[in-house]
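Written below as structure tokens is the structure these notes are about.
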Amino acid sequence: MTPTTMTFFERFEADILAGKKTITLRDEAEKYYVPGSVVTVSTFEEGREFCRLEILSVEPILFDALTDYHAEQENMTLDELKEVIQAIYPGIQQLYLISYQLKGLLKVN
Ligand SMILES: CC(=O)Nc1cc[nH]c(=O)n1
């Protein structure tokens, strides 16, 4: 079944809404997003819905293949991005690069 939801840590919310973070790197469990589908996005911490995103692509990528270009799309330096990914997914090598575009903001409740 096509996933219809995605969560992000609250600290990424502002960058997503500002269009400064346009990709996310996820593990095997989240490789099933479908290009062209729209997902409702909520915070990981509180489950607060804050936007909808259209999934543009889902591609496998190895941790060691991450470049400055990927970091730029995450609004980070490459060192920061690698630290963040290692903190979320310790020891991971196989990642999935999900690119998306903002489809709409959700009202504050
Ligand atoms: C909740 C969660 O896993 N969030 C992530 C993970 C990887 N990248 C990202 O932008 N957000």
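Cβ coordinates come from backbone N, Cα and C, glycine included.
Because the structure is a prediction, the values reported are computed rather than measured.
For the domain 'ASCH' (6-104), the model's pLDDT averages out at 98. The annotation domain 'ASCH' is assigned in TrEMBL to 6-104.
Residues annotated as active site, proton acceptor in TrEMBL: Lys21. Under 8 Å, Cβ to Cβ, and six or more positions away along its own chain, Lys21 (active site, proton acceptor) finds Phe12, Asp15, Gln73, Glu74, Asn75.
TrEMBL lists Thr24 with the feature active site, nucleophile. Sequence-distant contacts of Thr24 (active site, nucleophile), defined by Cβ-Cβ distance under 8 angstroms and a gap of at least six in the same chain, are Met6, Phe8, Glu74, Leu97, Ile98, Tyr100.
Sequence annotations record features per position, and here TrEMBL assigns active site, proton donor to Glu74. Secondary structure at Glu74 (active site, proton donor), taken from DSSP and collapsed to helix, strand or coil, is coil. The 10 Å shell around the Cβ of Glu74 (active site, proton donor) contains 21 further Cβ atoms across the protein chains shown.
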Active-site residues whose CB lies under 6 angstroms from ligand 1, from Lys21, Thr24, Glu74: Thr24
For Lys21 (active site, proton acceptor), the three-state class that DSSP assigns: coil
Secondary structure tally of the domain 'ASCH' (6-104) (DSSP, helix then strand then coil): 31 helix, 38 strand, 30 coil
